[in-house]
Amino acid sequence: MEKMGTTDSELEGLFEQKKRVKNPLVPVGAFITAGVLAAGLISFRMGNSQLGQHLMRARVVAQGATVALMVGTAYYYGEKL
């Protein structure tokens, strides 16, 4: 079945040409960020604002580390291709 003028073999050729790199640490960083965010929100809701502030700062650090890991991986593997 053709879609928009391309065949399945042409699509497979495109995907073979582009090397996909998966970094298993990025989803781990995303889950850590989400977990710290949830814990911070729960802490705020329970009335412990000091702990909530610490957890929100930890979330920013975890989020920054995840983004840095994504950018670093893209740069590293971008040079290899």
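Just so you know, glycine gets a Cβ as well, placed from its N, Cα and C.
Bear in mind that TrEMBL entries carry predicted annotations, made automatically and left uncurated.
Given the structure is predicted, the values throughout are model-derived calculations rather than measurements.
Per TrEMBL, domain 'HIG1' is recorded for 1-81. Here TrEMBL flags 25-44, 56-77 as transmembrane segment.
Through the fold, the transmembrane segment (56-77) approaches residues 19, 21, 23, 25-26, 29-30, 32-33, 36-37, 40 of its own chain, all at least 6 residues removed from its boundaries and within a Cβ separation under 8 Å. Per-residue pLDDT, averaged across the domain 'HIG1' (1-81), gives 80.
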